[in-house]
Amino acid sequence: MRSLLLFTFSACVLLARVLLAGGASSGAGDTRPGSRRRAREALAAQKIEVLVLLPRDDSYLFSLARVRPAIEYALRSVEGNGTGRKLLPPGTRFQVAYEDSDCGNRALFSLVDRVAAARGAKPDLILGPVCEYAAAPVARLASHWDLPMLSAGALAAGFQHKDTEYSHLTRVAPAYAKMGEMMLALFRHHHWSRAALVYSDDKLERNCYFTLEGVHEVFQEEGLHTSAYNFDETKDLDLDDIVRYIQGSERVVIMCASGDTIRRIMLAVHRHGMTSGDYAFFNIELFNSSSYGDGSWRRGDKHDSEAKQAYSSLQTVTLLRTVKPEFEKFSMEVKSSVEKQGLNEEDYVNMFVEGFHDAILLYVLALHEVLRAGYSKKDGGKIIQQTWNRTFEGIAGQVSIDANGDRYGDFSVVAMTDTEAGTQEVIGDYFGKEGRFQMRSNVKYPWGPLKLRLDETRIVEHTNSSPCKSSGGLEESAVTGIVVGALLGAGLLMAFYFFRKKYRITIERRNQQEESNIGKHRELREDSIRSHFSVA
């Protein structure tokens, strides 16, 4: 009996030790395959309310009709058998509301009205707006309300100040300042220090203005000189004035305008003999969209041959394009959805479409880490901090966000490599995270290895299509003008001399007559006064 009691006591002690050991190992972090799954299942299913603020007007490249298919594609991925099932608690669902932001205060009003209608209930995530003037007040309110805000817009330089009013903003598309960093690396590669900025500014969206503002600020910080010329391409374009400005400013010209306007400018400078290697022209293709000048010279008109020659001096800066099978599938689905909306165009997938898709993936990654750390979806500041300073796989390749919550920009430079056929290829790439620009070694440049090493201080003699003589002296018309001008000047001097002489004689005679008359009138007045006083 005593042995039975000892055996029972020993078994109890052994069982207690096993249980304690299990608890200790669990508290230290169980790394067995099923442990993470059980921890994730312990979290409650999440209902994520997303407010998308984008314009309904399809004239914008980031309209709801264009971007919504990309957002829904990403949501199907994270809610289905993709990223979301691995990262979020089972049963998590996204409830998305789409509101018209326009490009002004409507975005702010939509946010405030929605919160008021929900009796103070705020969304868990804001996607958009894109336009600077729409994004600014929404970003300030998001910071005040502790709401994470992810946008493929708000690209102007002012939004990089995240310490106060824009603290809850993450930009998932390269900001304009990133374009400036790319141009700076390009200039350092070619040993240039001066640039002329020529751009269209309609005073509304002002995309080109904000783009070259970013270039200007980066250049200014690094001691590079810039001068600027702006025009409104929606009105009559004074090409002669643009050419005169370029001739009187810098040798390296950075342009931003629509594709048709860039073509007109290049034709104009070509006709003035400015595409023979004395200038370097760069065109910025914004947003991976051909509407902002993709470097295409062909229009099927009578100017094609001339434009092909002109474009041999033009290089186009565009976002680096990567192709992977998933991106092709994504592009086809977006194209199908957009066409159902009645939109038929070439650029179904631009920078904004890609950016908002990747914004969903980035938010899910950040939310996963916040929930795992014991916080909730309402901890907007914690979530937004998890979106910064990280790299993840986007729909078109790797996406890297810097420590300030801004996406690094990877860019390519496209130029004409076959002047006979007019073929254009990528000749160089810039990798934003490394800050590195490199020319491609397998490309034949039509200008040779030293053509772009411009002498920025040398004065250029400009020619145009009209015949002219350059004999070193004055032309016949100039001499004739000088002689005629001298004769006219002499005639005017003689006429003035004789007029002045005649006028002086006339004045002297008139003065003599007036003095005689004044003497008579004085005597009469004095006699009248004396007679009056005598009578008095």
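The backbone N, Cα and C atoms fix where each Cβ goes, and this holds for glycine too.
Sequence annotations record features per position, and here Swiss-Prot assigns signal peptide to 1-26.
Per Swiss-Prot, N-linked glycosylation site is recorded for Asn81 (among others), and the stated evidence type is sequence analysis.
Counting only residues at least six positions away in the same chain, the Cβ atoms of Leu53, Leu54, Pro55, Ala107, Ser110, Gly128, Pro129, Val130, Cys131, Ala134 sit under 8 Å from the Cβ of Ser101 (chloride binding site). Annotation comment: Swiss-Prot describes Ser101, Val130, Cys131 as chloride binding site, evidence class similarity to another entry.
Taken from Swiss-Prot, the feature disulfide bond covers Cys103-Cys131 (among others), and the record attributes it to similarity to another entry. Note on Cys103 (disulfide bond): other Cβ atoms within 10 Å of its Cβ, all shown chains, come to 20.
Marked as disulfide bond by Swiss-Prot: Cys208-Cys256 (among others). All protein chains shown were included, and the count of other CB atoms within 10 Å of the CB of Cys256 (disulfide bond) stands at 28.
Feature annotation from Swiss-Prot assigns N-linked glycosylation site to Asn288 (among others).
The annotation N-linked glycosylation site is assigned in Swiss-Prot to Asn389 (among others). For Asn389 (N-linked glycosylation site), the count of additional Cβ atoms within 10 Å of its Cβ stands at 12 [all protein chains shown].
Listed in chain order, the residues near the chloride site other than Ser101, Val130, Cys131 are Leu53, Leu54, Pro55, Tyr60, Phe62, Asp102, Cys103, Ala107, Gly128, Pro129, Ala134, Ala135, Gly153, each with its Cβ within 8 Å of the site Cβ centroid. Spacing of Cys103 (disulfide bond) relative to Cys208 (disulfide bond) is 16 Å (Cα to Cα, whole number). The maximal spread of the chloride binding site, taken as the longest Cα to Cα distance among Ser101, Val130, Cys131, is 9 Å. Spacing of Cys256 (disulfide bond) relative to Asn389 (N-linked glycosylation site) is 30 Å (Cα to Cα, whole number).
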